[in-house]
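Engineer: Take this structure first; my questions come after.
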């Protein structure tokens, strides 16, 4: 708002900005000394040439001499009136000294009552407009927090269903007289158009990002999580999630941005990540990035040319930590990614639960014949069902009878009959039976290793021991493949069916599966020091540490995170920050953002697709949006408008 005076304090000028764009353009020509007892005549009027102190004062501030030289030249005066500026902007001004600094008094405001009334009315209008804008912003935040589309198909005045946002604005207006009057009488700006909505989304996104960047820069450590996918519009995107410790010592995972990708190569992904991190972390804070987490795809995890390697070349402390949700399940997926027969097996396996989950009528037959439900499939991409393998293996004969019953009953539609017959034949297929037996032997060891690594009291010795035991178990399975092939061949004599693969091919593929699992296990668990560092902070082990402190764990922590070395006293808070930043890293947060993004773009709305990206953080970071006041967004809107 505009007040009758603005205080020009020492060393800087505090300007009070108004939407009326009234300004006092004296900063370029104002130079003043810092004497405490008096103030000297330092005001320079543009265009004045006949002053005694022209040699010093007529130069612009950035071109003037040093302050020491100015102090020696200036003459102090004791009275308050310093100078009158007849051409200060569009109005005369009186420069006065007071205890806080300098006072600029606009004479026109003091003498012209009409001018003062106009200013007051203008400020009242600004306050009213900000109130209206804050209510509209609250409606946008509400829609984002509950995944509601902003716009409907028909937002005309006579529409019976104008959309949730318009309905919400009308509801708020029924409770707010100021907003109601505005909506009824406004002819130029109502604040409900799609253009205004998009501008508000842009400003809200900027406010959230600025807050996140501020939090990250004040934090000691940072981890990044990234995941890539192709959305419903066939646009390839990378989602970036930041994990850090905030000022209240709480672990925060913040969605930061959707990043469009021109390609999914390691160079392309690494380049866009570096560009975004350059905005988030200044050059002198690169050591804060202590970990990077991806879903384990080869382009991301490559030790020599992958994204994680290219990132670590720039951020040396950023250890690659595989996403915990993918940690072991993806090992199995990697074993199938380049073997077509195994990939087909897992695709067929997923069809069983889908077949029954789509129809209660089919499920009733399953309950009667098998008396055991199949594990429900999940939409989460990395979820691999070891229980599905075990269930199908243990109830294979019962499932065959179930599918035959559905096929022959005559109570089902042709599509169901056709699918049931195909599943019955699949369960008798020798290739399917062989891979079912193979992975039934492997999966218990995978589950056991996963359970061991989730223990709270894990340490480096147990980690190495568990991994070595897992490798030995898989190696035993590999060594016994010949007997497994013979066993499946004997069981395949009845019923007599032609096999697509020979026993030799079965054995070769199974050996390749085991080798792939062993190789990826070594790669995935090559870095486990972050688990070791976490043991230093387990309170239930402190009594044990008083008798024998884990020097090995401490040395491994310092070696893994050299950013800790040299810190005074190596505070527990520093180690706690690292542990919290990397435990437990999940790209599930990124997947959740993708889920909302997909939902937003698939809903029946004319929402501009680019602004669905802006609405996503409004939903995923709804708590942060609540913490950032509407005033910040209003200020950002005003700034954007003025520019």
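Cβ atoms here come from the backbone N, Cα and C positions, even for glycine.
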Engineer: Among 53-80, 81-108, find the range that TrEMBL records as transmembrane segment.
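Structural biologist: Checking TrEMBL against the ranges 53-80, 81-108, the transmembrane segment one is 81-108.
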Engineer: TrEMBL lists transmembrane segment for one of the ranges 551-573, 574-596, 597-619; which is that range?
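Structural biologist: TrEMBL lists transmembrane segment for residues 574-596.
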Engineer: In TrEMBL, which of 29-49, 113-133 is labelled transmembrane segment?
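Structural biologist: Going through 29-49, 113-133 one by one, TrEMBL flags 29-49 as transmembrane segment.
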